[in-house]
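Structure first, commentary second.
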Amino acid sequence: MAVDIQYSYSSMAPSLRRERFTFKISPKLSKPLRPCIQLGSKDEASGMVAPAVQEKKVKKRVSFADNQGLALTMVKVFSEFDDPLDIPFNITELLDNIVSLTTAESESFVLDFPQPSADYLDFRNRLQTNHVCLENCVLKDKAIAGTVKVQNLAFEKVVKIRMTFDTWKSFTDFPCQYVKDTYAGSDRDTFSFDISLPEKIQSYERMEFAVCYECNGQAYWDSNKGKNYRITRAELRSSPGKIEPYNGPDFGISFDQFGSPRCSFGLFPEWPSYLGYEKLGPYY
């Protein structure tokens, strides 16, 4: 945009007063300067930030091979190897190990009788009646070990285990060793035994033993109520069946529906009754 500026000089000479000087200023073609103070948008002025433009997510698409002209399945055919595979595992060794393991399990032995001391009342009655009774017995590494309780009838005494490995075609007596009692003055003595079992035992033969106690020229036996203490193979162990009824004397005891005795005098005759309590001395 052109700007005309006129100047008049009245104080100049008369010859120059009539002359006018005209200056014409044309604008520059350069871009105008930006102001140094910039006003933000209404959102920035109010403290709010304009949300960023969300990118458009590309939807996933599933395409199958048959849509692209390919096969859905891939078949691979393997041919036999020319050289045999070197398999480190031999199937024959596996079968031999299985057979040996089965044989070892079948040749393992177990006790075919309960621990005598598990039923303390029966154990005490047998000890008082027979003066000798097997207390405990265990099997360990082709050996049998246990303890025997005897009544202290005399100082000199001999305790031995009479055992057979061929159904009493022959037998062997193994002496027991005296075990010092912790409590002095007891009327019972303890003996221990440790017997090694043979390497080869025929499957049709029975292993049995009984306990013999010799004192004052007499022999007392504990033969497990006439059945002997049997050691049998694990596969031939007798299954627990019905408990044999007790054929001993009847003390007038009646049992309830749960098998508990209604009268304790027959099972525990040494327990003092209420009527005779004042006439009895101390129990020890």
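Heads up, the Cβ atoms here are built off N, Cα and C, so glycines get one too.
Mean pLDDT across the domain 'CBM21' (124-232) comes to 90 in this model. Feature annotation from Swiss-Prot assigns domain 'CBM21' to 124-232; the stated evidence is sequence analysis.
Residues or ranges marked as phosphoserine by Swiss-Prot on the basis of a large-scale study or a structure entry: SER260.
What Swiss-Prot records for 61-64 is motif 'PP1-binding motif'. The DSSP breakdown of the motif 'PP1-binding motif' (61-64), given as helix, strand and coil counts, is 0 helix, 0 strand, 4 coil.
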Helix, strand and coil residues within the domain 'CBM21' (124-232) as assigned by DSSP: 7 helix, 58 strand, 44 coil
